[in-house]
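Below is one structure, written out as structure tokens; comments come after it.
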Amino acid sequence: MKSGPGIQAAIDLTAGAAGGTACVLTGQPFDTIKVKMQTFPDLYKGLTDCFLKTYAQVGLRGFYKGTGPALMAYVAENSVLFMCYGFCQQFVRKVAGMDKQAKLSDLQTAAAGSFASAFAALALCPTELVKCRLQTMYEMEMSGKIAKSHNTIWSVVKGILKKDGPLGFYHGLSSTLLQEVPGYFFFFGGYELSRSFFASGRSKDELGPVHLMLSGGVAGICLWLVVFPVDCIKSRIQVLSMYGKQAGFIGTLLSVVRNEGIVALYSGLKATMIRAIPANGALFVAYEYSRKMMMKQLEAY
């Protein structure tokens, strides 16, 4: 069966959803630690301290707070990201005056990923907001910033709708865009350059799961080294806007640097770097293999 644009988009969307699911299931505990340290750096001395205190306060389940929204966030983001990635590759070919079937360079592929991330940000922002608030609910309650409440997905969603209406789900959208667009240039660039390195003259499609895992890990590290300070500001805006009007990106950035120093922008970086290899490796292994499987099934008809 011939693969039309609609069928190809559906395959990319489904494979992206599989990748997003694998990413969350692999890296959620470290993501929780990252968000806690970004939002409340004064409460924790480091990664180990945050881990031990979280376990002592709320047990193992504390590391999986926000897993539901995280699954929704990453499945939504990666579904849209990889679906639009195919369209954006065609856009890059058109701009570069290339044939529709021409192979893109690694840098051109990175540019396509960057364009696709702008669309993914619109799907990511609402679910990321709910996830971050759930992950830091304990700290918000203990610091007296909010009253004790039922910290469930539905209670957070109702709180956002009641306080800010539907647009409240887009607190931190500008920060998300500032993070996603440049970040995914380095994400896809790092992934494709790593695959080219491991392929060593062979086709990239011949790479096995270990090399795909390592390439995904490099992609994640490239992404987070570039955008981590922006992600820190995004987390602050999304969490702290829960109890009052929060300054925008520039205002929050200046406040953090002035009151806590530049180092505060990198609080939680270690947890993110540890998470990057297994989580992003799992993302690309799941994406590549599920996509190959669906393409084979399509060709069999």
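Backbone N, Cα and C atoms are what each Cβ position is placed from, and that goes for glycine too.
Per Swiss-Prot, the features are as follows:
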- 7-91: repeat 'Solcar 1' (REPEAT)
- 104-197: repeat 'Solcar 2' (REPEAT)
- 207-293: repeat 'Solcar 3' (REPEAT)
- 5-25: transmembrane segment (TRANSMEM)
- 68-88: transmembrane segment (TRANSMEM)
- 110-130: transmembrane segment (TRANSMEM)
- 168-188: transmembrane segment (TRANSMEM)
- 210-230: transmembrane segment (TRANSMEM)
- 237-257: transmembrane segment (TRANSMEM)
* **pLDDT averaged over the residues of the repeat 'Solcar 1' (7-91)** => 88
* In the same chain, which residue numbers or ranges, 6 or more beyond the ends of the transmembrane segment (110-130), come under 8 angstroms Cβ to Cβ? -> 66, 69-70, 72-73, 76-82, 84-85, 87-89, 91-92, 104, 153, 156-157, 160, 169-173, 176-177, 180-189, 192, 234, 238
